[in-house]
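**Student:** I grabbed these lines from Swiss-Prot:
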- ASP6, GLU7, ASP101: divalent metal cation binding site (BINDING)
- 1-206: domain 'RNase H type-2' (DOMAIN)
Amino acid sequence: MICGVDEAGKGSVLGPMVVAAVGCTDMDDLIALGVADSKKLSSKSREKISADIKAQFPFSIVIRTAHDIDELRRTMTMNEIVARSHAEALIPLNCTCAYVDACDVSEERYEETVSSFSPPDCTIVARHKADSLFPPVSAASIIAKVERDRIIEELSKEYGDIGSGYPSDPVTITYLTKYIRHHNQPPVIARSSWETVKNLLHQKNQSSLLDF
């Protein structure tokens, strides 16, 4: 069986990173569902196709919470965390070949890193922009994004409007800034190891010193 792996939320400062893997014996079966790069699909299209993929193909999902990522970053780089998560998503599917989206400038180096966490009988092929090259990766990308969007929506219901969770989102930064200002610490859904959080904490501490 051939598999594809991709993640959503690697660079977000709030919420989890979601990794999905999808298996198939014939890529044309995935193409027939309308699988494409998840970024090019509307939210409704992603949700429908994600449901179709889950109903017809084997898949697995690995979720790394903000706390998980902070703990792992004590001893691993973010690329290593993603590689390990990619490998963990592949294991339940027992595939012989897996296409993964390369999270390193060097495709070969990323292949080696994922392989180091993967079963020895699974060949890893890492490519940049794999989600637009290989249907199984496109399918995994869709599932990962839909699952992450669902989680972010749930977090927003619990914590208030957190935006997309990415540092580039003004809504996310406004939420983080206000939370840190009022609580003197980041929320549990924040990745405290991120420079974004460290900078906001530093600004809060500097402001407190000036007030004093």
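Start at 1 and count along the chain as shown; that gives each residue its number.
Placed from the backbone N, Cα and C atoms, the Cβ positions cover glycine too.
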**Student:** By a simple count, how many Cβ atoms lie within 10 Å of the Cβ of GLU7 (divalent metal cation binding site), its own Cβ left out?
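**Tutor:** The answer is 25.
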**Student:** Going along the chain, which residues six or more apart from ASP101 (divalent metal cation binding site) have their CB under 8 A from its CB?
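**Tutor:** Same-chain residues close to ASP101 (divalent metal cation binding site) (Cβ under 8 Å, separated by 6 or more) are VAL5, ASP6, GLU7, ALA126, ARG127, HIS128, LYS129, ALA130, ASP131, VAL137, SER141.
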**Student:** Where does ASP6 (divalent metal cation binding site) sit by DSSP, helix, strand or coil?
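**Tutor:** It is in a strand.
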**Student:** What mean pLDDT score does the domain 'RNase H type-2' (1-206) have in the model?
**Tutor:** 94
**Student:** For the recorded divalent metal cation site, whose residues are ASP6, GLU7, ASP101, find every other residue on that chain with a C-beta no more than 8 angstroms from the centre of their C-beta atoms, and list them by sequence position.
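**Tutor:** Other same-chain residues with Cβ inside the cutoff are VAL5, ALA8, LYS10, VAL19, ALA20, VAL82, HIS86, VAL100, CYS103, ALA130, ASP131, VAL137, ALA140, SER141, ALA144.
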**Student:** Kindly assign ASP101 (divalent metal cation binding site) to one of the three DSSP-derived states: helix, strand or coil.
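**Tutor:** Looking at the DSSP assignment, ASP101 (divalent metal cation binding site) belongs to a strand.
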